[in-house]
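A.B. asks: Would you mind keeping the following structure in view while I ask a few things?
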Amino acid sequence: MSFFRVAVMLAAMTGLFLAVGYLIGGQSGMVIAFLVAGGMNLFAYWNSDKMVLRMHNAREVDERSAPDLYGIVRQLTQRGGLPMPKVYVIDTPQPNAFATGRNPQNAAVAATTGLMRALTPQELAGVMAHELAHVRHHDTLTMTLTATLAGAISMLANFAFFFGGNRDNNNPLGAVGMIVMMILAPLAAMMVQMAISRTAEYRADRGGAEICGQPLWLASALEKIERAARGIENPSAEQNPATAHLFIINPLNGHRMDNLFTTHPSTANRVAKLRALASGDLAQPRPQRGPWG
């Protein structure tokens, strides 16, 4: 993701903070909101990855505690010429994964226990290669910042609703604006997720296939994860829906309404593109020796 795109998204988030601040306390509230937004943007840049990992109760693992997963990630980073990220595991039966971090030097990848149980070593390698492609493309900064700030906007809107806001009778926007903001803020959070270009997922699919050298590994994994995500809930994702776009497959897919605001391309389309890669650009055999067999 480009620096320009990051700047535009942060500016949009700041604008929403200012609007809510004005509704809460007029011009004084807007100034306070501006200061808070500036501090929050800086805090999110340095700490949003930690916050997202904490939201999902992720625990860091190493070569001793998760040798298979750690070994796969290490081998893939060597293939891709990337620094070794921190590796995390999330205790949930839904198979899924995501990457986070402001740059490749400060990146983290997370896999669920359900993912490690459901996939073959080859499929797991395909998924982790996809996440490392996000790291390589610097998608993780934008994805993590928007997840953190979208959640913050919703919380601030709830604060405005429950604690009154600007009751100045000379301000006709007060009561009406408060109601509008209460309704629009959650929608804005979902729209931010959709603003992350779906082309980033396609690009990470291709990048992951190039890193591991086997597009069909990821194609098979996506099909398995898609089926499981519709039948197994992800409690931490349900509690933090603004982070849904971080995952390789929408963790909220078990609910029909979530499909109206889907943050991911069609899994069928992604699989079709990967199969085309397998018979086209990446059809030549690649070395397969590694922790996956």
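Glycine too: its Cβ is placed from the backbone N, Cα and C atoms.
Pulled these from Swiss-Prot:
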type	residues	note
TRANSMEM	6-26	transmembrane segment
TRANSMEM	28-48	transmembrane segment
BINDING	H130, H134, E201	Zn(2+) binding site
ACT_SITE	E131	active site
TRANSMEM	145-165	transmembrane segment
TRANSMEM	172-192	transmembrane segment
A.B. asks: Excluding H130, H134, E201, please set out which residues of the same chain place their CB within 8 Å of the center of the CB atoms of the Zn(2+) site, keeping sequence order.
C.D. replies: A99, E131, A133, D139, A200, R203, A204, D205, G207, G208, I248
A.B. asks: When DSSP is mapped onto helix/strand/coil, what comes out for E131 (active site)?
C.D. replies: helix
